[in-house]
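Structure record follows, encoded as structure tokens.
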């Protein structure tokens, strides 16, 4: 049922304790009453269409490590460096990494407890908080993921122009879009396999760039120019933002600007682990494993990666400033490429360019998967048309095509006049992601309270550290980032209606979805703690955990290393 208008109808979409005495007919998700149990399904079945558990442990681990790393890291860091300087760039990535780590741990706790098909943040919001907030969160996830698909495909197509190829940008957009659709529309193991190899390439490339940064730091490049922290001293560690001469205030605003902008490199990537849980083997073993290792991705790829950027290129580099001022989104704007050229290393810039293409391609592939599953989850809870639950070979193909259709906004990059409009889409995804994480933390805290009320908080399969204090900290930081996202428009002579809307349009859109659904469906403001369902689906997850044979025993050192990775 889509947009149910009365509370009785809304209740038909909810799981309740009556469905505990059910068994499964062989397909995870379809619940059938046990004969003689006295359970009356009342036409209320949440899981009516099935996806398949085709993602193996190695798929989950590599999706977690590198699935969503795209142009935000390889290209976006250059813009932030030019605006704020090396110190704010490095510091902001440390802070955002800490917030993202808390997001991952909180999501893993809920997902490991209830790794059901159709699992997503909106699913948990609907179940543990209330339906209207789930509705707004679900559609926020869907359009944010779809626009991220557009952003990454557009970036990949333009990066190809680094080689001055004669093929039009529109043709490359079409080729990339068709490819990622094909990778998503077949069995989920095809998507998992493609992401395994895409992520492997990204991981190897980033590790190589970090090693290169160390070599250049000590003067081991062809020019034998020992860089050290030269560019932290000249032109300086901090730029003054939004204009020179603001002193310490300008330095703080540079850091805060960097903090806001840095989120694009991370946005909505932790959720891919949760979304993959419903289609993964042994989720109670693989999800905690992937979540615990997420910290390595943050430290090595993002924190060390930005430190390398701050070492190999100056924030006032002429090529970087030219690329930023022209609004370029190609490899020429990548600080890694510019730094390699400055070091005099021949040919490596082409290799890095190819890696940036595959990274953007891979991120588009990952975001298309996440967006289609978000829409599928919405449809399963009756908050999107039922047609999006249709599956073929375990893949919600209608949801895939719908997400790809919105992702075709990538064609906007063909026109130079659309640059401003496209910047709106990037802003929508970043702030949309911050809003999504705030909602996730609200739900997680409610989830913890419901577990405590039922006396099972201490016995859940996976517990994240330092909770709930870390969740409160991250939630407060995210709210501040949302509210101050467009602070620069309030400076004298800086205000414009277009800039103001670009910074804050996401918030009224989200609240319009939330309040509109609440007025239509007459849902409660929040579920009372005694009615929060923490039981339905748990029996199936427990049984699946018991049937899990566990990881294979390594026979030698090579297998020991491989099994640790996957």
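Every residue, even glycine, has its Cβ placed from backbone N, Cα and C.
Automatic prediction, not curation, is the source of TrEMBL annotations.
When TrEMBL is compared with the stretches 89-107, 108-126, 203-221, 222-240, the one noted as transmembrane segment is 203-221. Of the listed segments 37-56, 317-336, 497-516, TrEMBL assigns transmembrane segment to 497-516.
Checked against TrEMBL, the range among 11-30, 351-370 recorded as transmembrane segment is 351-370.
Comparison of 142-163, 391-412, 424-447 by number of C-beta pairs under 8 angstroms to the transmembrane segment (169-191) places 391-412 first.
In this chain, the transmembrane segment (203-221) lies in contact with the transmembrane segment (294-314); the count of Cβ pairs under 8 Å, excluding pairs fewer than 6 apart in sequence, is at least 3. If you count C-beta pairs under 8 angstroms between the transmembrane segment (468-491) and each of 203-221, 424-447, 497-516, the highest count goes to 424-447.
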